[in-house]
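Presented below is the structure to which this report refers.
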Amino acid sequence: MGALIEKAGGRIVTATYGTDEHRRLLRTLKGETMWPPPVWLMRQAGRFLPEFRALREKADFLTRCMTPDIATEITLQPVRRFAMDGAILFSDILVLPWAMGQSLEFVENRGPVLGAIRSEADLNRLDPKRVPEVTAPVMETLSRLRKALREPVGVAAADTVTLIGFAGAPFTVACYMVDGGGSREFAQTRLMAYQEPGLFDQLIALLTETTTDMLSAQIEAGAQAVMLFDSWAGLLPPLEFRRHVIGATRQIVSELKRRHPGVPVIGFPRLAGGMAAEYARETGVDTMALDTSADLAAVAGQVSPDLVLQGNLDPVSVLAGGQAMLKEALAIREAGRGRPHVFNLGHGVLPTTPPEHVGELIAAIRKVN
Ligand SMILES: Cc1c2[nH]c(c1CCC(=O)O)Cc1[nH]c(c(CCC(=O)O)c1C)Cc1[nH]c(c(CCC(=O)O)c1C)Cc1[nH]c(c(C)c1CCC(=O)O)C2
């Protein structure tokens, strides 16, 4: 196929259709060491770009997630501007409980509000059989995205951008399901884990199975890698962490590997701290995403050299921009040198981040020196 030359985010990219040669993110997620590292940002879709805010007026959040035209467009917006090495599906971790029948609303300035699950009767009202039908539009979005990314998208060259699917990890999704919305402590959820371990195990088992099937469907629809967001993993003490974070993740990863050998899985056990190395060793994830608090160089010394690390610039430094951001960013890039590393943030990009700061960040990461 014809070679293509395109200027992308300040670098020249040559892409040959149908080969892995220029898929820098996918190759890194499969274990190759690249310099400079590939880069994308958590929560890059649907947050900080003015072109997204314009679309936001048109439909509520769940409608945006469930309408392939809109979700495809929002996913591509950051790619068009910055030629990110990855495109993350525009959707949400709470689509899964909603698809099983739990009520869900996104309330302005408050975040998600769900009908809390507190009893076996509540749990039994959920219907996992509905998930494939309800999430069919999400799979349609993924197949459109995969097709769109075979052509140039804005400054991104054809067939260079890796399409990432995702889900919440069972514990984090359970947090929202049981507490009924966002919280700092998720005390109701953790109380259930201690007081009604049988019921909580049932919920985690249900989420483990439905998450596996949903990620598998995402891969079949076109996702080239998948990520498990465990944003609240760090709330659990070691025994519970082993059971509900490591145990559930290990089951999902091993079944995905059986069904889709070679498709990389990224795990993000946010604030796992002292449990991160065990998570890396025991879950089977190919890539571990680090939160802002982790010292990338120190973690690199504790895990297998084959484990891909992703992260972990403070999103607030990108809000600040300028030298403060660049100094942090280049130190992280340097810490990942010589091992497989995907440059990213330590948590999602903040909605008020000026797009020019993101542009400067991407250019600095891609500068070869
Ligand atoms: C915990 C969590 C949620 N959702 C997610 C997590 C894990 C990552 C993290 O810790 O940030 C993950 C998520 N949410 C969204 C994406 C899509 C793609 C992307 O990463 O850019 C992803 C990967 C879109 C979204 N998810 C949500 C929005 C905003 C909704 C709106 O436009 O009103 C978007 C674009 C809503 C949402 N969804 C959730 C909350 C707490 C909120 C409200 C606050 C917020 O905006 O972050 C749950």
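Cβ atoms are placed via backbone N, Cα and C, with glycine included.
Same-site candidate for substrate binding, as annotated by TrEMBL with R43, Q44, A45, G46, R47, D92, Y176, S231, chosen from H341, H347: H347.
Summary for the binding-site residues A45, R47: the Cβ-based neighbour count within 10 Å is maximal at A45. Counting other C-beta atoms within 10 Å of each candidate's C-beta, the binding-site residues R43, H347 are led by H347. For the pair A45 (substrate binding site) and D92 (site 'Transition state stabilizer'), the Cα-Cα distance reads 11 Å.
Here D92 (site 'Transition state stabilizer') is positioned 12 angstrom away from Y176 (substrate binding site), judged by their C-alpha atoms. Counting every protein chain shown, 27 other Cβ atoms lie within 10 Å of the Cβ of Y176 (substrate binding site).
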